[in-house]
Each structure stands twice: as C-alpha cells, then as structure tokens.
Amino acid sequence: MDKQYVVALDQGTTSSRAIVFDRDANLVAVSQREFTQIYPKGGWVEHDPMEIWASQSSTLIEVLARAGIHSDEVAAIGITNQRETTIIWDKLTGKPVCNAIVWQCRRSAAICEALKAQGLEPLFRDKTGLLLDPYFSGTKIKWILDNVPGVRERADAGELLFGTVDTWLVWKLTEGKVHVTDPTNASRTLMYNIHSGEWDSELLKALDIPASLLPEVKSSQAVYGTTRIAGEGTEIPVAGMAGDQQAALFGQLCVEPGMAKNTYGTGCFLLMNTGKQAVKSEHGLLTTIAVGDDGGISYALEGAVFMGGATIQWLRDELGLIRDASDTEYFASKVDDTNGVYLVPAFVGLGAPYWDPDARGTLVGLTRGANRNHIIRAALESIAYQSRDLLDAMSKDSGVALKQLKVDGGAVANDFLMQFQADISGVEVLRPAQTETTAMGAAFLGGLAVGFWSNVDEIRHKSGIDRRFVPLMDDKERATLYLGWQDAVRRSLSS
C-alpha cells in the first residue's frame, strides 16, 4: 500500500501525544494521554518510565484508529521528547532501576556545587556549552549511581543502560534491539562534546559515569530501527529524532544562521540557529546543538524564561483576576498602557540572561489609579519583555540583528501578546498556520530520513504563516518602556 503518512510521537513533561501528518504536512489526527507527576520530596520530580511507555504506545495505536489508517500506510515514526529527563534500566529485563528523574528535579544540586568547587565548570562549559546545573542529565545519572543501592556495581558490570526519553522510546519500540540517541538530546547531558560530536571521556571521568551506560549517537535524520504497532502488522521505520525545542526549531524551518523561534509555553524557550559555528555566549545563554538543513549538526544559542504562561496561571489561580487565560487579551486591551505598572515574575528566580535563582517577583509602579486591567496587561507584557531580554542577548552574542521571530506554543493565540512582542522587540513576529511545530519537526525529520520528502526545499512551502505582526511602536516609546522594565528587573535581583 502507498505510504501517505508520517506519525510524530511527542513525549512531553505532562503528557504523551501522537500526531499523524499527511504528505502536505496537514494534521490528520491527534491522540493524547496524561501521566502521573511524582513529587517524593520538595524540589524532586519523577516519572514512571513504564507509564511513559504505556501512555506513548497507547496513543500510537489510538491515533492510527482515529485517522482511519493502517500501519502499512505509515512511512515513518519520528520522535520528539522532553529533554534531560534521565532513565537507567537493566539491559536484559528492561526494568528501570528507579523512576525517571525529570529535567525539573533539583536533587543533584549538591553534586553540581561540588563540581564547581573543584573548578570544573569552565571545562563543562567549554565542551558542552552548558552550565553545571541540576537541569541537565549528567548529575542526575551520578545521583542514581551514588544513591540507589546496587546500581553502581551493576553499571560497572555493564548490566545497565542510560537514556533520555528518546532513547527509552526507541529501545521499547524496537523491543530492546536499538540503544541510540541523537545529537540534540546528547547535547543536554553534560557528557557530550558538542565540538567533536562524541561522548567525552574527561567529562565522564569527572562525573564518575561508566561509558558502557551510554547510547550510540546517530544523526537526527536517520533510520534507527523498525517497530510493529502492538506487535502486529508491517514493520515501520523508527526514524528522525530531536529534543522538543530543537524539533520546534526544525518544524519552524529555522535551518539557516540567524533564524530564530520562541516557544511560549509554561516558560519560554528561544533558540537561534548559528549554523556551523558554536557561539560561546557572553550574555548568559547556552550553546547547544540544532539540526541543519542537511540533517547534520548545526549549532544554536538557547535562552529560557522560567515564567511565561505560568505567569498567567498565577493571575488565574492565585490572584483570581481572570477565569481563563484567554481573558487576558480582553482585559489588557481595555487600557491604553499599564499606567506605569511592571510585573517581574521572578517567582522561581530569573533564568537567562540573568541566572539569579534568588531573584523574587516584583510588582512596581503602583499608584492609586492602577487597576486590574493594568496588572493583567503588565503580566502579559512581562512575557514579551523577558523574550526581548533573550533576543538582545542573542544579537550581542551572534552579531546578528534579528529581523524576524517565528513563534509557537499555546500563548501565540493571544494577538495582544504577539503584537506587543513585535513592538517591544522591533522585529516582525510570524505566527504559523500549523501550531503543532514541535511534532511537525519530528515528522519532518522522520519523513526526510526515509525519503518521504526529498529535502528541506520540498517541505519549505508546507509550513505556512497565519499572521505577521509588524512593529507599530516608535523607537522612542520602545526605548522608554524597556528602560522601565530594566529598572523593575534590577529591583527584583538578589544583589
């Protein structure tokens, strides 16, 4: 039967999803299953790897049924995933040695501090482009080896395997035949040298992690193995893989240097493709790996804002100022400006470019005339201001003045926010017609790997624009407003 579809598996932090795309990159069907969030202690976050697999495999079966298609019509299954989340399992039984340690989990903070005290942060920064932070996989692995009884001995004996979620899914899909990851996921582990494209023995020694745990690193645009849906039917290639933010970058076809996208979710993730040059940031950004137009390694600068959509949730859940996130556009548009009010949502500290974990939220500029609408508008504007901070840092690091910003994520439906983002940044904001850009990135990678699409040029026109938001604010007003934001941020910083 003619293969007319590609399936993307989108394994996220709170749910597993499967999406079917046709040859024109139209979304045909979606299936989604949430799974349990486990919080054993303050600052600890876990997932059950078997529940991740159960939720993801069931969505795969379900989405084909919803689309009304058979497995022999599927050209490839591509994968995108929550990055950094760490799983270790027995290579013979497939049983995890403990729950997955999620990217949000802070339990390995003491390990990071010990490595910093040894003066090792510059080494890790130079080789991986990352900071020594519990966010990344390497110190999570070390924590498991040091704290779960018997695991280090089993690891040293070669009995165990490590993987981020992509690796775990491929291993399960191929029934334990394939232990593999891609460069985008490997680059988030603190163990992968982004310049040589290899696991780094010096970093492994510093972390005391045996190399036998690690998966083979293959191209993001490769065929890794095959799978049968529910153990039946045609063998489908498992092909194409990238971490969620890099998949979104590719789904937005930001494959050339200077192209950037911002994902507006709980937080915001802004990535700029820097081509074949790994740009070392001097302004608080991470250097990471992206997927090039040939499927090979490109580099990117990445900045993360901790509180994006979560700021709007705070307005709703803690302050009761709105009933639904969509209400913000209505209330913000009822006033001409914020009446001098700025909200800095540093509720869990500030991420890039400040990296101040002890910064705290501030609401400044309040006068007797300030009302609910001004505060709601200030909350929305804070998302755009924080993104402007990242854009400015990227321009300084890369030497490229951005002209366009591609956007995705739930908050891009808010026209007020998108227009203010364009205004305060002085760049054109492009909202795609297809908002499932992360899944589309995985689908594109899978389809390209098996020849479903021949090259990036063939898929370029399949990614249309819903609306262009052009800057309408004059330079003087933009500068004045941004100075006010910078002053508000200074008040929120810990020192």
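Glycine too: its Cβ is placed from the backbone N, Cα and C atoms.
The Cβ of R17 (ADP binding site) lies under 8 Å from the Cβ of L9, D10, Q11, V30, S31, Q32, R33, T59, A439, each of which sits 6+ residues away along the same chain. Positions annotated as ADP binding site by Swiss-Prot, on the basis of sequence analysis: T13, R17, T266, G309, G410, N414.
Sequence annotations record features per position, and here Swiss-Prot assigns ATP binding site to T13, T14, S15, T266, G309, Q313, G410. A sphere of 10 angstroms centred on the C-beta of T13 (ADP binding site) encloses 19 other C-beta atoms. T13 (ADP binding site) falls outside any helix or strand according to DSSP and counts as coil.
Secondary structure at D244 (sn-glycerol 3-phosphate binding site), taken from DSSP and collapsed to helix, strand or coil, is helix. Of all Cβ atoms in the protein chains displayed, 26 besides its own lie within 10 Å of the Cβ of D244 (sn-glycerol 3-phosphate binding site). According to Swiss-Prot, the feature sn-glycerol 3-phosphate binding site maps to T13, R83, E84, Y135, D244.
Look at Swiss-Prot and you will find R83, E84, Y135, D244, Q245 tagged as glycerol binding site.
Taking Cα separation as the measure, G410 (ADP binding site) is nearest to T14 of the binding-site residues T14, E84, Y135. With all protein chains in the displayed structure included, the most crowded Cβ environment within 10 Å among the binding-site residues S15, Q245, T266, Q313 is that of Q245.
Annotation for E84 (sn-glycerol 3-phosphate binding site): same-chain Cβ neighbours under 8 Å, separated by at least 6 residues, are W103, Y135, F136, S137, K140, T164, R188, T189. Same-chain residues with CB within 8 A of the center of the T13, R83, E84, Y135, D244 CB atoms, the sn-glycerol 3-phosphate site residues themselves not counted, are Q82, T85, W103, R188, G243. Of all the binding-site residues in the record (T13, R83, T266), the one with the smallest CA separation from Q245 (glycerol binding site) is R83. Counted within 10 Å of its Cβ, the other Cβ atoms near G410 (ADP binding site) come to 15, all protein chains included.
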